[in-house]
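Under the heading domain 'HTH arsR-type', TrEMBL lists A:1-92.
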Number of protein chains: 2
Amino acid sequence: MQLNRIVRFHKAVGDKTRLRIIALLKNSPLHGQAIAGKLGLTPPTISHHLTKLKEIDIVYQRRDKNTIYFHLNEDKLNRLASAIMKLGDDEMNNELEVSDEEKYKILNNFKDSEGKLRSIPAQLKKRLIILEHMVEGLEPGKVYPEKEINEYIKQFHDDFATIRREMIMHHFMSRENGNYELNPRELWLI
Amino acid sequence: MQLNRIVRFHKAVGDKTRLRIIALLKNSPLHGQAIAGKLGLTPPTISHHLTKLKEIDIVYQRRDKNTIYFHLNEDKLNRLASAIMKLGDDEMNNELEVSDEEKYKILNNFKDSEGKLRSIPAQLKKRLIILEHMVEGLEPGKVYPEKEINEYIKQFHDDFATIRREMIMHHFMSRENGNYELNPRELWLI
DNA sequence: AATCTAATTAGTTATCTATCTAATTAAGAG
DNA sequence: CTCTTAATTAGATAGATAACTAATTAGATT
């Protein structure tokens, strides 16, 4: 269920320490000990909280020599925070203002007789429609290993790597250590 | 601390049942039993969750005969959901694009020699500046009984009732059964 | 006043979680 | 290879909380 992602987000940020970490990381990336120092908590505690923030994908890490710097993904944070405001609006993916007829036409233009894509549209608007179409065959909540997601995409186009990357980029799915999962519709697009 | 309000909000909505209630109430107000029925839970459980949603002020109730209808305060929900996105931006109350000099000038225009307000400005922008000024003397986190808040406002202007109402309306403070409390800056304005 | 119905409160249980200390792992630097 | 430092995992504890059943309160309606 797609609600769960939103629930997980709010559970994750519904904690004073974690909000303080978010506020800190907004200024600049920091390493664990620095965060622990600034908040007056021990490193294991910070580790615990960072794990939760990484789980919902609003914090990521980059290693530099011996120390790991934690970064805030502000973009994702904003999208997740906004999701609750669009809860009931199930048909809210008209943000693009594209009618179903128009989508249908675009899809037909790009598909050959066997349902495979002739090419990947260069125009963003069209590309999003194609991506949305492909992604709609994925099962919500199911975790797809990379191999399986590649196979799935290949039924539409051979260049699964490009398409997979675009799906992530436009937040149709998300990747977690090699596994892929469909995002809730609230997160799709932009 | 003002963080706490944001924490309370996310804790409150970080629950599947409560998100489902929010989604339901987005369509229309409902009474307790109706919610219980739709969600397949017992009335006490719904009562429990509604209490939490009322505590953060995104749900209110109106009685009609024997049954109580619960309404969603979508406006407040949106403001609270947005607060996390503005966390670090402490100086983010420049949304009005008013410089400190300008504020100072406006304040002086409306204050008499003893620091009391000559009148309440009709123009929204100016009124907000005046309200902000008054509210800045309140202690964050402190709970003010109505009598005390009235006294406080009277130091600026005798019409404490109007000003108090405006402070609530513009989210400088919030009211909870007769007591008043300063809101975090993130919630001020609009 | 007596009764009905909706909502809340009390009390219980099972689950979850924030934090700590201690132990372990991971990666450089000598 | 050994040492050092940063981060994580393990394990423990205290506190919170979602759900239920049973009991109570709060308002209508008769």
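Numbers run from 1 along the shown chain.
Positions of Cβ are set from backbone N, Cα and C atoms, glycine also.
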(Q) Across the domain 'HTH arsR-type' (A:1-92), what are the DSSP residue counts per state (helix, strand, coil)? (A) 58 helix, 14 strand, 20 coil
Q | Integer average pLDDT (0 to 100) for the domain 'HTH arsR-type' (A:1-92) | A | 89
